[in-house]
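Taken verbatim from TrEMBL:
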- 615-707: domain 'DYW' (DOMAIN)
- 96-130: repeat 'PPR' (REPEAT)
- 197-231: repeat 'PPR' (REPEAT)
- 267-297: repeat 'PPR' (REPEAT)
- 298-332: repeat 'PPR' (REPEAT)
- 401-435: repeat 'PPR' (REPEAT)
- 436-470: repeat 'PPR' (REPEAT)
Amino acid sequence: MEGLKSRALHHLSHTHKVLALSSLHHFYEHLLQCCTSLTTLKLIHSSLSTRGFLLHTPHFLARLIILYSKLGDLHSARTLFDHRHHHHHGHTQAPNSFLCNTMLRAYANAGRSYEAIDLYIYMQRMGVGINNFTYPFVLKVCASELGAVFGKVVHGQVVRTGFGSDLFVEAALVDMYAKCGVIGDSHEVFDRMLIRDVVCWTAMITLYEQAERPLEALMLFRKMQEEGFLGDEITAISVASAVGQLGDGRMAISVHGYAVLNGFIGDVSVGNSIVGMYAKCGNVERARLVFDRMEERDGISWNSMLSGYTQNGRPTDALSLFNQMQASECDPNPVTALIMVSACSYLGSKHLGRKLHNFVISSKMDIDTTLRNAIMDMYMKCGDLDTAVEMFNNCEPGKRDVSSWNVLISGYGVHGHGKEALELFSRMQVEGVKPNDITFTSILSACSHVGLIDEGRKCFADMTKLSVRPEMKHYACMVDMLGRAGFLNEAFSLIKKIPSRPSDEVWGALLLACRIHGNTELGEIAANNLFQLEPEHTGYYVLMSNIYAASNKWKEVEMVRQNMKSRGLKKPAAFSVIEFGTEVHGFHTADQSSPYYREVYRKVESLAIEMKMVGYVPDLSCVLHDVEPEDKEHLLNYHSEKLAVAFGIMKMDQGMPIQVTKNLRVCSDCHWAFKFISSIYGRKIIVRDANRFHHFQGGRCSCGDYW
């Protein structure tokens, strides 16, 4: 095709036959329409120039400028533009609006903001008539790079030149303010508009959605429909995102219906946003249904579904979908890797974590600081602190950011290495890395895990010196640290000094401390505050119930139970997972769904007998039912973490550590039992609970019974 065009041009320049001017115009117009390469464009340019068309026909000049910019040669476009104005019969000719706007459009579409603004200033200086075609291009570049400050200046010029009520200019103003995130000005222009199109409505809806004000976004969407506008694919994407932010499952179904009815669902971006919306509303089944029906999928489609599984606590589903992704034509990217790292962290699976890390390396994926930090964090959460430390030490100092240090400080903390965490905290400052709010959360909780009270108090006092303002999470860490150590009154006094209303995490930390130290009176104060702040949070009712049960206050236990029942709240089910070879096995408390449950039950019962022979006495205070002691013992045997450890002893080689991950805090009876089991069987048992790691060996735990 390109060869034919070249021959046609060659023939035209050498023919003696004179074509009628209109036919020539027609011929060149056709050539320009079909042109798809720079080589051909340069030939057409040369032919037009030779025949003198460029001097007398601004239309062809504009078409060339547009085509050069479309084909990525902005330099030639600008040279052509300048040549026209500065070399007209040897005189400088004032540029005309049409060509200036064409050049502006080329810059705006190519995202060349500064060149566009230079040209706009040049137009003002040369007295070129700036009109309603000029402003939308100038406002477009303000929206993309220059920002609202310059946009406001242009807005002022729009008003002065009398184009404030032009539909295109108004729409560009709304879009510019919306993309710069300036809600007030955008709404002001929008409210004044006499005629609004779908683009303006969508710009406003998107503005509120991106500002995380989903209710306003959805109210605008409703108004838009009342005014007879349907919306388009971009509207559907913003509305789906707003519903996802709200987490409203019923509304999600109607947005899905809207996308199907209007034929938007075939658009891959709309499909992706519907998948993401359902996942954020917790409806992973519907998200998967939409995903499976998508005719076309891109990387975002796969990542949305993977992320949906991971965020909804279904990491095994995420892993099997990841295997499907690898078999598909879509290659995993660094975002996929981040999601999968999170799934492996959730499972606490060292085997899967290492496998994923190897995959990232072998696929030559770009491992930036964020991904490297996430992989370090994953190793740490999978119980492999040594690899996390090794990765940190092997990383060039220039490629470490504050998060890299935070991951390791936090890792030392949850593994019970408080001293190492403090040393790293000091080293970080010596190396000139400024601690941030997360650093202090990590170091304070590290001090809390091992009872380094004086050091923790000092770190908290140092916050203001290092210009980090204490936030609610830091007060919660301090209350947790003081409370665990038995300084309940000091913890309560600190709560009273918090400048704003204490959050549920602060009162929750105090309630947990009251559970550890059996302080019913202070526990009730904490619980009453919690029931006001978070009336639907099951964990707090369970903790208060624990406190009453430990003091044998069964009437009060029943009262808390009834309160939970009347609110329709259920205690979260305990769940423990253990890795065996390449498989991950899960156990619920009193689980009978595992194919191994009969032999696991037998093993647990024989373990209880073996432990009793060497001095184990069950901690019956862990049972929240007013039942006979024998029944209490029986109930304790079937805790999910005990079932997982029993499975590990049965199935795993003697030399291998048994590693269990539990979704809740390990109970004191299981903690006590694992010390005995580690001693009887000479096995290392590692348990990761909701708060930290416990390494049991030779009858002792790394937490020193302080957790």
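Glycine is no exception: its Cβ is also placed from the backbone N, Cα and C atoms.
Those TrEMBL annotations? Automatic predictions, nothing curated.
Proximity of distant same-chain residues to the repeat 'PPR' (401-435), defined by a Cβ-Cβ separation under 8 Å and at least 6 residues beyond the stretch ends, is recorded for 369-370, 372-373, 376-377, 380, 385, 388-389, 392, 395, 442-443, 445-447, 449-452, 455, 459, 466, 468, 691-693, 695, 702-704. Residues belonging to the repeat 'PPR' (298-332) score a mean pLDDT of 94 in the model. For the domain 'DYW' (615-707), the DSSP counts in helix, strand and coil order read 38 helix, 16 strand, 39 coil. Across the repeat 'PPR' (267-297), DSSP assigns 23 helix, 0 strand, 8 coil. The residues of the repeat 'PPR' (197-231), classed with DSSP into helix (H, G, I), strand (E, B) and coil, number 26 helix, 0 strand, 9 coil.
Here the repeat 'PPR' (298-332) is broken down by DSSP into helix, strand and coil counts: 26 helix, 0 strand, 9 coil.
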